[in-house]
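Written out below as structure tokens is the structure these notes cover.
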Amino acid sequence: MEKKIVFSGVQPSGGLTIGNYIGAIKNWIDLQDKYDCYYSIVDLHAITVPQVPKDLRKNTLDLLAIYSACGLDPEKSTIFIQSHVPAHAELTWVLNTITYMGQLSRMTQFKEKSRKSKENLNAGLFTYPVLMAADILLYQTELVPVGEDQKQHLELARDLAERFNNRYSPTFKVPEPLIKEEGARIMSLQDPESKMSKSDENENGYILILDEPDAIRRKIKRAVTDSIGEIKYNDEQLGIKNLINIYSAFSGDSIEEIENRYKGVGYGKFKEDLAEVVIEGLMPIQKKYKEIINNKDYLEKVYREGAEKANYIANKTLRKVYKKVGFIQR
Ligand code: TYM
């Protein structure tokens, strides 16, 4: 039996947070044994906000090293850089022609980004979810492991697959999101009502995968909590709820185990322990990252081989699409 196909990606826009790790990458590791997985570094997406070219190059290789350090294995999965597979941009164009403006203007992420960056409201930001749909549909993906914030984009990918299949003939698999219940939305340490994000102006709001132990201790110590004083997982205590989620993700302990362990214990002690749990969880990743990042030959081998395989599969789908819309074969 053929293995189901999994696709996901992260933007190389610098500094990956533990939100990216818990909500996405951490869940990708186990999928590698069961499915045929494609994990991309989505640099075409990254340029929808201004990037310094040399930083983008560095961040792309950094992200590849982080993928490896987290346990993505090029022997098992196809790991590649999005811009190395031209079919992504080509399919995006075709999908653009069946995407309604109204649907794109209802995308929460677009609305948020356009509120924040009025002076750079480029067309790429608007059609960003169409590129994401192309990423997914090119590989006949069935499962897309992402954090909660990508759910709406996934709906669009499903809609476009169905619309194309209906208008022409069955061409794309209709993908399903794979969103874990816990950890799918890690919140800012400074404002537990908004998502943890690397674009937060306040660096105390997020922890980066590559943060030093002292920075992790400091940020967790300053994390916003409440005056209730109990370690309980509930919506009245969003700060504590978020910290329990982080604790659970890194320790593997269940929410109940954590609540029981910290019954009657103060926030100070809980935060100290949490910091150590996070530091310990990130240590092997940071260590491996430092080994890999200087091995440019290895990194190059991984992304070249990944691109070769990805191009082969993506072009198969693109050829079908071009034929169906009526383009003369090249
Ligand atoms: P990006 O780069 O913003 O984030 C990468 C992944 O991390 C998840 N994530 C979070 N999960 C939990 N809590 C958080 N605070 C948090 N912040 C981020 C995201 O949900 C995502 O899974 N558009 C995508 C990248 C992309 C993609 C794709 C994903 C492009 N093409 C195709 C899947 C399939 C993005 O910007 O993710």
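Each residue, glycine too, has its Cβ placed from N, Cα and C.
According to TrEMBL, the ATP binding site annotation covers Gln11, Pro12, Ser13, Gly19, Asn20, Gly147, Glu148, Asp149, Ile186, Lys195, Met196, Ser197, Lys198, Ser199. When Cβ atoms from all protein chains are considered, those within 10 Å of Met196 (ATP binding site) total 25, not counting its own.
For the motif ''HIGH' region' (12-20), the list of distant contacts is 41-43, 46, 49, 51, 55-56, 59-60, 62-63, 66, 147, 186, 195-199, 206-210, 246, 249, 278, 282: same-chain residues at least six beyond its ends, Cβ to Cβ under 8 Å. As annotated by TrEMBL, motif ''HIGH' region' applies to 12-20.
Annotation source TrEMBL lists L-tryptophan binding site at Asp135. Mapped onto three states, the DSSP output places Asp135 (L-tryptophan binding site) in helix.
Per TrEMBL, motif ''KMSKS' region' is recorded for 195-199. Long-range contacts of the motif ''KMSKS' region' (195-199) within the same chain: residues 13-20, 149, 185-189, 205-208, each at least 6 residues beyond the stretch ends and with a Cβ under 8 Å from a Cβ of the stretch.
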Three-class DSSP secondary structure - Glu148 (ATP binding site): helix
Cα-to-Cα gap, Asp135 (L-tryptophan binding site) vs Glu148 (ATP binding site), nearest whole Å: 18
Reported mean pLDDT - the motif ''HIGH' region' (12-20): 95
Cβ neighbour count (within 10 Å, all chains shown) around Gln11 (ATP binding site): 23
For ATP, whose listed binding residues are Gln11, Pro12, Ser13, Gly19, Asn20, Gly147, Glu148, Asp149, Ile186, Lys195, Met196, Ser197, Lys198, Ser199, the greatest C-alpha pairwise distance in Å: 19
The motif ''KMSKS' region' (195-199) - residue tally per DSSP class, helix then strand then coil: 0 helix, 1 strand, 4 coil
